[in-house]
Amino acid sequence: MFKTVFKQYKVKSTSPDLSEVVSFDEIDDNPEKDSKAQRISFNNEDTNWSEFPGLKSPRAWRTFVLKSHPGLLVIRNPFTDHGQRYWIARCLRDYPRAPNIVNLNERLFDDSVRCDWWKELQECKDPSERHRIKAAMRWTTLGYHHDWDTKIYNEHSKSPFPEDLSRLCQLFSSYLGYQDFRSEAAIVNYYPLGSSLSGHTDHSEPNHLAPLFSFSFGQTAIFLIGGRTLEEKPTAIYLESGDVLVMSGESRLCYHAVPRIIQTTNMSTDSLPNESKLENFKFLDIDLFEQVADSNYWQPFCSYIADSRININVRQVLKPGDLKLN
Ligand SMILES: O=C(O)CCC(=O)C(=O)O
Ligand SMILES: [Fe+2]
């Protein structure tokens, strides 16, 4: 059942029927409708969240839960445009750099591209080589590196987890009432239009109780969430730019997939006013935060995201109290 639905959305020859895909904005506009999701609120909205740069005030956040999966939450784009620019630039310029691991094959790309993909892409003048370099980037891993073959993390295969991303996840986890979340592994997925991610569960982490945080930027994904086996029919939802998906509780070990990316999002290329008080947030790359407000600096990132999606998928690996894998 999961695979049949996956193929219906992935179909190349025709456009798929999207009438069943859950759109959270529609639910918000029409809450009476017999919908598959509902809005929920948290009673901590007056807490002082110390104005994390790049995020709207939590009072303006809209959180939804899927009725079929009470542990699957979506916070519908809590980012400002400026915040989205920052995270997109981090995912393109910085996260794919050594010592983080990238998918680029050593037989197809030389070390300069494999160690600093974005810099080489910007410097490359040949259009067909540029296209080849751009389309080849599919994932980078941070913290404990995901092993795609064994699916087992290894104490000897990890790099430092970025402090900005860790603080961002900490903020969302405390907002949702999960204390003590530790960001220990992330996969950043890059999806050019036409790409997909087939059905899987994320079970490599010894800790299955901590939630998983997943951030979407750029073009819209159709995301399928199914059950604990491939027999169950999945629910399709849209994940749009800025959305934060949380897989917690029973949904944490459910099958999920991205069968299709749809081109819907146009990000502004204009310059943005700069934010103040950035000096209180030293864990951010403050220079980058300021640079992306400038339309010239932002231009190559905006052009990448015009036909691609980026997903940051953050997990806690270790059980509470553990300091390493055993
Ligand atoms: O791109 C997504 O939304 C999901 C990615 C995912 O499931 C994964 O990295 O395990
Ligand atoms: Fe996954």
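Note: Cβ is positioned from N, Cα and C throughout, glycine not excepted.
What TrEMBL records for this protein:
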type	residues	note
BINDING	His200, Asp202, His256	Fe cation binding site
DOMAIN	182-318	domain 'Fe2OG dioxygenase'
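His256 (Fe cation binding site) carries a strand DSSP state (E or B). Neighbour counts were taken as the number of other C-beta atoms within 10 angstroms of each residue's C-beta; across the binding-site residues His200, His256, the minimum falls on His200. Residues Gly199, Thr201, Cys254, Tyr255, Ala257 surround the recorded Fe cation site, their Cβ atoms falling within 8 Å of the Cβ centroid of His200, Asp202, His256, which are themselves excluded.
Asp202 (Fe cation binding site): 20 other CB atoms within 10 A of its CB, across all protein chains. In terms of DSSP secondary structure, the domain 'Fe2OG dioxygenase' (182-318) contains 25 helix, 49 strand, 63 coil.
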